[in-house]
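**Student:** Submitted below is the structure of interest, expressed as structure tokens.
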Amino acid sequence: MAAAPPPPPPLLLLLLCVCAVFADVPIGTQPEQVHISYPGVQNSMLVTWSSANKTDSVVEYGLWGGKLFSHSATGNSSIFINEGAEYRVMYIHRVLLTDLRPAASYVYHCGSGAGWSELFFFTALNESVFFSPGFALFGDLGNENPQSLSRLQKETQIGTYDVILHIGDFAYDLYEDNGRIGDEFMKQIQSIAAYVPYMTCPGNHEWAFNFSQYRARFSMPGDTEGLWYSWNVGPAHIISFSTEVYFYYLEYGLDLLFRQYEWLRADLQEANRPENRAERPWIITMGHRPMYCSNDDDDDCTHFQSYVRLGRNDTKPPAPGLEELFYQYGVDLELWAHEHTYERLWPVYDYKVFNGSSEEPYVNPKAPVHIITGSAGCREKHDGFIPKPRDWSAFRSTDYGYTRLQLINNTHLYLEQVSDDQYGKVIDQMTLVKEKHGPDAWR
């Protein structure tokens with residue numbers, strides 16, 4: 001009879017025990033890519049995250065300094081299948097937190113009994129119209145060459161911002177490598193977006209598969225999967241919309257373009273009701289592709305006949321542009337990205353400058369002010385400018401960077417541009433003063 005084999009070494013026994021203990025633990029249940037957003041409902045916050053496997057959707061939270069998990073909320077998850085060759089599956093979880101105390105700070109984590117995230121914190125929206133919120137504004141941020149990311153992370157941690165506005169173009173691109181590029185990007189921005197509401201609009205880099213990655217990964221107010229929506233904060237009504245409906249209509253139809261236009265008109269009409277405009281006098285829009293720019297890349301905004309600005313006459317029926325609509329309803333500030341540069345415009349309408357005065361151009365201007373802030377950093381690097389700026393171009397820079405915005409009160413708004421190339425130096429600033437809002441302000 002053969003001799004019995006020698007006993008396994010202690011290390012192997014330990015490994016076998018560990019494997020046995022974890023053999024039945026599900027793989028891929030850990031929450032990741034956590035981010036929050038305003039749902040457009042007072043005293044609420046929406047928490048979104050993903051997991052590789054299906055799990056329960058739970059957020060445990062409590063007031064900062066109080067009992068850690070005194071509240072619990074449950075939500076739901078939806079399956080998302082990446083359209084790449086691998087058809088990778090992920091689950092997107094959404095949980096709505098309600099009855100939050102305005103302006104109070106909360107600690108939370110998300111997940112389930114199969115795995116919890118680390119601890120995060122946020123401040124509930126201050127519902128007062130006298131609230132003076134601070135924003136970070138940028139577009140065109142990728143997971144490769146994200147020049148502004150580290151500075152935004154630090155400023156988020158020290159409480160500089162109440163809201164982040166990401167004005168289109170994420171990751172470069174969310175769908176690439178069967179969605180893994182999107183996963184990595186969402187993990188990168190978690191250090192910002194899990195703490196401060198991360199509000200978005202779609203850009204041209206989200207176009208693939210009918211914007212499915214953008215629609216699945218982000219959670220914005222309304223029922224259009226974040227393609228267009230509006231919300232209120234402090235003295236402002238903020239409108240997010242898609243410029244891409246003017247460019248991908250052959251792939252996805254004209255219906256979205258006309259539906260969005262009619263929604264925009266109805267939303268602007270409602271915002272301009274006297275009682276609403278008195279309460280929230282500032283109307284701010286955010287869309288990816290600008291109406292105007294002085295870049296040298298032959299983009300839509302470099303042409304007088306910009307599709308976003310004037311519409312398209314090559315469609316049936318013709319598609320209306322947005323400049324006249326925004327002017328008609330007295331939009332104060334229009335935020336754009338797409339160009340990998342920063343450009344501040346003089347108050348402009350119909351390609352003409354309408355400064356408040358030669359000495360104080362941004363005091364009671366007679367047209368909307370446009371800001372292009374698409375230089376946060378991505379693999380496509382910088383864009384360039386034409387040598388001689390247009391008459392409506394007030395300041396421009398090719399530095400990597402982002403924009404800070406402070407809504408001071410009903411009449412004053414402050415904006416500044418931060419250069420990453422110059423180690424956080426403020427390279428441009430503007431105070432917009434509006435003693436009168438609405439279309440009557442243009443007269």
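Here the Cβ of each residue, glycine as well, is placed from N, Cα and C on the backbone.
Under the heading Fe cation binding site, Swiss-Prot lists Asp140, Asp169, Tyr172, His340. Taken from Swiss-Prot, the feature Zn(2+) binding site covers Asp169, Asn204, His288, His338, and the record attributes it to similarity to another entry. Among the features that Swiss-Prot reports, N-linked glycosylation site is placed at Asn53, Asn76, Asn126, Asn210, Asn313, Asn355, Asn409. Here Swiss-Prot flags 1-23 as signal peptide, drawing on sequence analysis.
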**Student:** Around the Fe cation site recorded as Asp140, Asp169, Tyr172, His340, what other same-chain residues have a C-beta within 8 angstroms of the site's C-beta center?
**Tutor:** Gly139, Leu141, Gly142, Gly203, His205, Ala337, His338, Gly374, Ala376, Cys378, Glu380
**Student:** Using DSSP with the three-state reduction, classify Asn210 (N-linked glycosylation site) as helix, strand or coil.
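**Tutor:** DSSP call for Asn210 (N-linked glycosylation site): helix.
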**Student:** What's the CA-CA gap between His288 (Zn(2+) binding site) and Asn409 (N-linked glycosylation site) in angstrom, rounded?
**Tutor:** 26
**Student:** Asp140 (Fe cation binding site): which of the glycosylation sites Asn53, Asn126, Asn210, Asn313, Asn355 is the nearest Cα neighbour?
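**Tutor:** Comparing Cα positions, the closest of these glycosylation sites turns out to be Asn210.
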**Student:** Between Asn76 (N-linked glycosylation site) and Asp169 (Fe cation binding site), how far is it from one CA atom to the other, in Å?
**Tutor:** 27
**Student:** In which DSSP state, out of helix, strand and coil, do we find Asn76 (N-linked glycosylation site)?
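**Tutor:** DSSP assigns Asn76 (N-linked glycosylation site) to strand.
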**Student:** Determine, for the Zn(2+) site, the additional residues of the same chain whose CB lies within 8 Å of the mean position of the CB atoms of Asp169, Asn204, His288, His338; present them in sequence order.
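**Tutor:** Near the Zn(2+) site, the remaining chain residues are Gly139, Asp140, Ile167, Gly168, Pro202, Gly203, His205, Thr243, Glu244, Arg289, Ala337, Gly374.
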**Student:** Find the one among the recorded positions Asn204, Asn210, Asn313 whose C-alpha lies closest to that of Tyr172 (Fe cation binding site).
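**Tutor:** Given the candidates Asn204, Asn210, Asn313, the nearest one is Asn204.
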**Student:** Of the recorded positions Asn126, Asp169, Asn313, Asn355, Asn409, which one has its Cα closest to the Cα of His338 (Zn(2+) binding site)?
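**Tutor:** Nearest listed residue in space: Asp169.
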